[in-house]
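This structure is in structure tokens; I'll ask about it shortly.
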């Protein structure tokens, strides 16, 4: 089934599942995951992250979806990161009654968002952060990990970890360093300042800044442009961008994608068919490429 990509700027989102902490919608080959906790500036708790991972997995598996938008509900915040109100002694909890809290009050540590970071990174489809308002702390890391970022002119970016006894020494530091350089990345983390959308654009943190009223239309426009391109080329490019950074895991992803492409060739199918037909394969008709 093929998409007819509409040219108008309006898009009619359709719900794609029932969730408590997020909204998950689809339209015209685009999936949109919205952190839906505006009362806490879209801070996430473990349930929020688990639901985002479920939605992202669905978007990856959906053959009709080619691009994914990650955003926050309302104009005031993309995400303010991990909800400090549910932060335990060694990780985040969903509530004071979370079963991972021991009788003595300690919590069993797990940072669910780390798994989400890897999932976004390994997802073969482009993930676009659509940022209005605050993208700070763990919310800032989320947009940094996304492939592209479109920001409203009211967006504010920054890290707050050292202010609240936290830090992200993984992608939150390494990918940020690649985007803005080590000196600026250290400034962002060490000083915990806030930066405007224009400042973020100047340092390479975002791709484009638009008026708040135009944010979704512009983001959808970028997504529709990508939908017109070869999905396998986009998949291979995303893996290629990260292969050298991710070591053996990156090489494995790139090799897996190349294998998928090879499986569709007549040469690979000759090997498969010969095995099924219990005959010797004839590879003589295929070129020995220089």
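Glycine too: its Cβ is placed from the backbone N, Cα and C atoms.
Automatic prediction, not curation, is the source of TrEMBL annotations.
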Region 'Disordered' per TrEMBL: which of the ranges 33-70, 71-108 is that?
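It is 71-108 that TrEMBL annotates as region 'Disordered'.
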Just the number: how many Å between the Cα atoms of residue 137 (substrate binding site) and residue 263 (site 'Important for catalysis')?
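Cα to Cα, residue 137 (substrate binding site) and residue 263 (site 'Important for catalysis') are separated by 42 Å.
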Sort out the residues at least 6 away from either end of the region 'Disordered' (268-290), same chain, that have Cβ-Cβ distances under 8 Å to it, and list them.
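Non-local partners: 262.
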Highest CB neighbour count within 10 A among the recorded positions 41, 135, 137, 263?
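Comparing the recorded positions 41, 135, 137, 263, the most crowded Cβ belongs to 135.
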Through the lens of DSSP with three states only, how would you label residue 263 (site 'Important for catalysis')?
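Once the DSSP labels are grouped into three classes, residue 263 (site 'Important for catalysis') ends up as helix.
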